[in-house]
Amino acid sequence: MPQDPMDFEWSYWIEWGRERILWLLAGHLLVSQVSRLLVEKYKPWCLMVYGMAACWLLLGIKGFAVILLHAAISFAVAQFQLSLLTWLCSLILLSTLRIPAVEETKRKWYDTENEYYLLLFTVSVRCLFCTSFSLEYCWHAPTQKSSHSFPWMLAYVFYYPTFHNGPLVNFDEFSKQMRRQEAFSVKTNLSILIVGIIRIFFWWCLAELMIHLMYIHALYSSALPLESASYWALGGLALAQVLFFYVKYLVLYGVPALLLRMDGLKPPALPCCVSLMHSFTKMWRSFDVGLHRFLVRYIYVPMGGSQSSLLGTLLSTALTFAFVSYWHGGQSYLWYWGALNWLGVIVENGTKRILSISVIHDLI
């Protein structure tokens with residue numbers, strides 16, 4: 001039975017995974033386990049070299065140079081130890097991905113659109129990693145300088161399991177766990193690997209079953225069936241789509257999360273089932289945990305967050321969603337999506353504050 005071809009993200013990453021990425025991830029696993037067994041002290045540098053080689057192989061010398069240049073510029077700007085300047089640099093680097101002349105130049109480097117899009121997706125995710133490192137560098141004490149060197153930035157930026165699509169791991173978490181040396185057990189790691197592969201295979205089969213039988217995205221791409229459907233049917237379609245999105249990211253984040261565990265690191269929690277969520281706030285906290293931690297640590301809390309005035313809370317939340325919308329591409333529909341999510345979070349938190357007033361609480 002033919003599959004629904006309208007979900008670009010799933011088709012794209014599955015195709016790349018089958019062709020090259022899964023093999024490169026297997027190579028990372030081999031290098032990681034050998035280095036943990038023989039040269040634990042040098043594991044970060046072994047994985048850094050492997051990640052750079054994998055980047056060169058997949059994206060070519062020019063793609064590799066772009067990512068290295070982004071890292072070098074971010075590190076140079078971080079030397080001023082000014083958070084505002086670091087953010088300005090990150091936004092400028094991110095904006096270069098949307099300059100038409102630059103886009104056309106990068107397209108000419110590759111034979112297919114898929115190769116260009118791989119560079120685009122990779123650089124977008126690397127921008128977040130460079131931002132995380134640079135802000136941590138701005139905040140670190142002089143005694144921590146050795147753990148915030150340029151080689152450590154490269155080890156973080158070129159860490160291959162999270163290289164193309166995430167999940168996002170903040171630099172402070174990555175460096176602490178990567179520097180930690182612990183006992184290595186082949187038997188324990190083998191059991192983690194086997195159980196992890198079985199779980200990911202089950203999720204992949206479920207996603208393939210959904211995309212071969214349900215045709216959710218094909219229905220959404222045509223106005224005629226949507227106009228003739230009842231409200232109950234539309235609600236069912238919406239639920240089916242977000243459930244597929246959930247299962248899809250169990251696979252796309254499950255593979256790198258498994259490799260993180262094999263490397264002795266603690267990955268961000270996998271997405272929580274959307275059927276268990278009833279609020280915008282919980283959705284943002286528990287679906288993409290890595291992105292949520294990034295947004296809270298580097299945007300929401302520095303801008304005041306929930307500890308500031310009502311106006312400050314509104315502003316910090318608005319800036320957080322504005323960045324999310326811009327990072328995802330900045331198209332008009334993404335700004336609407338971000339604004340609606342911001343409104344949903346504000347209404348929920350405002351309602352909680354009102355209901356926490358003792359008089360109203362007693363009345364209820």
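Every residue, even glycine, has its Cβ placed from backbone N, Cα and C.
The transmembrane segment annotation in TrEMBL covers 20-39 (among others).
Annotation source TrEMBL lists transmembrane segment at 46-69 (among others). Within its own chain, the transmembrane segment (46-69) has Cβ neighbours under 8 Å at 20-21, 24, 27-28, 31-32, 35, 39, 106, 109-110, 115, 118-119, 122-123, 126, 151, 154-155, 157-160, 163, 263, counting only residues six or more beyond its boundaries.
Positions annotated as transmembrane segment by TrEMBL: 75-95 (among others). Packing against the transmembrane segment (75-95) from elsewhere in the chain are residues 124, 127, 130-131, 133-135, 137-139, 150, 153, 302, 326-327: each is 6 or more residues past its ends and has a CB under 8 Å from a CB in it.
Per TrEMBL, transmembrane segment is recorded for 116-135 (among others). Here the transmembrane segment (116-135) has Cβ contacts under 8 Å with residues 12, 16, 55, 58-59, 63, 66-67, 70-71, 74-75, 77-78, 83, 86-87, 89-90, 93-94, 97, 106-107, 109-110, 148, 152-153, 156-157, 162-166, 168, 170-171, 294, 298, 327 of the same chain, all six or more residues outside its ends.
The feature transmembrane segment is assigned by TrEMBL to 150-169 (among others).
Taken from TrEMBL, the feature transmembrane segment applies to 190-211 (among others).
What TrEMBL lists as transmembrane segment is 231-252 (among others). Outside the transmembrane segment (231-252) by six or more residues, the chain places 7, 9-10, 13, 165, 200, 203-204, 206-207, 210-211, 214, 216-217, 219-220, 270-271, 273-275, 287-288 with a CB less than 8 A from a CB of the stretch.
Annotated transmembrane segment per TrEMBL: 310-328 (among others), in sequence order.
Long-range neighbours of the transmembrane segment (190-211) within the same chain, counting only residues 6 or more positions beyond its ends whose Cβ lies under 8 Å from a Cβ of the stretch, are 3-4, 7, 10, 29, 240, 243-244, 247-248, 250-251, 254-255, 258, 261-262.
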